[in-house]
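Heads up: the structure comes next, in structure tokens.
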């Protein structure tokens, strides 16, 4: 353990040294608030449902709850989440868009979580859900990062045995957290934060994130039903379409618009808003990589003839009789074309 710590510190230092200002600032804020918790009570930085809404209106907690951690392992998860987002998402989006994504997800998690506990209080009249529950930590942003990775590199394999792709990791982790909650090993605010992080990040990336060719991502592989197993996708897709139609009617979401380029020289070009050229290039590279791997496997399985086989084949050709110039003919028939596999001979005359 002591030998591994210096290497881990050196590796982490190298990552942070090449990171952007946004990633460094978020990591520094997480460490600062964690150290501050040893000196003062940082409970006022977490979202408490009873204090978020009027008359208290602790609005600042929407910006600070995602950076506040109380345990060292939570700090490690938070830092790892920010670093992964900086390494994988920031090159595609830019530092400013990563900061916007972080802010949107955390504010949405705070608002949705507080509203959910408010509804729970209205159903149970238990004040614990208003003034004892504290929503904080990076699990909400972790859910958002996993959804973004599903969008950008969902075909990548995380585990080979058993084979697990990035596209199924968000729901697998949600199921794991649900099992931990049922076993009373996890508190409900953590599960709520992760779940609302999944939902809010998908809504933002699906409908509102700005691209060079519009807003959102209307690709089929990023539909809401694709987060669920295939057996449930038809039912989930039907419900999702009904909800989307309702949101379009109240003008919260925009209806999908198709553009037809009839002036294209070869054929009609159909483009959807939110489809980015980087995503198309990523899919092209993945297809090329899969093709190269398949060709390599075919070459490895094929057996190339050796020099000895070539010599034996040449000797066999020299020993074989030289074929005649004319092809054999049958009585009453024309000349039969030569064949390297089948030979013809004249039938004996009948008596």
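Think of each number as a place in line: the chain as shown, counted from 1.
Cβ from N, Cα, C; glycine included.
According to TrEMBL:
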- 12-37: transmembrane segment (TRANSMEM)
- 57-86: transmembrane segment (TRANSMEM)
- 98-121: transmembrane segment (TRANSMEM)
- 127-149: transmembrane segment (TRANSMEM)
- 161-180: transmembrane segment (TRANSMEM)
- 186-205: transmembrane segment (TRANSMEM)
- 300-351: region 'Disordered' (REGION)
Could you check if the transmembrane segment (186-205) is in contact with the transmembrane segment (127-149), meaning 3+ Cβ pairs under 8 Å among residue pairs at least 6 apart in sequence?
yes
Sequence-remote contacts (6 or more beyond its ends) of the transmembrane segment (57-86), Cβ cut-off under 8 Å?
12, 15-16, 19-20, 22-23, 26-27, 29-31, 33-34, 37, 42, 44-48, 51, 98, 102-103, 105-107, 109-111, 135-142, 145, 148
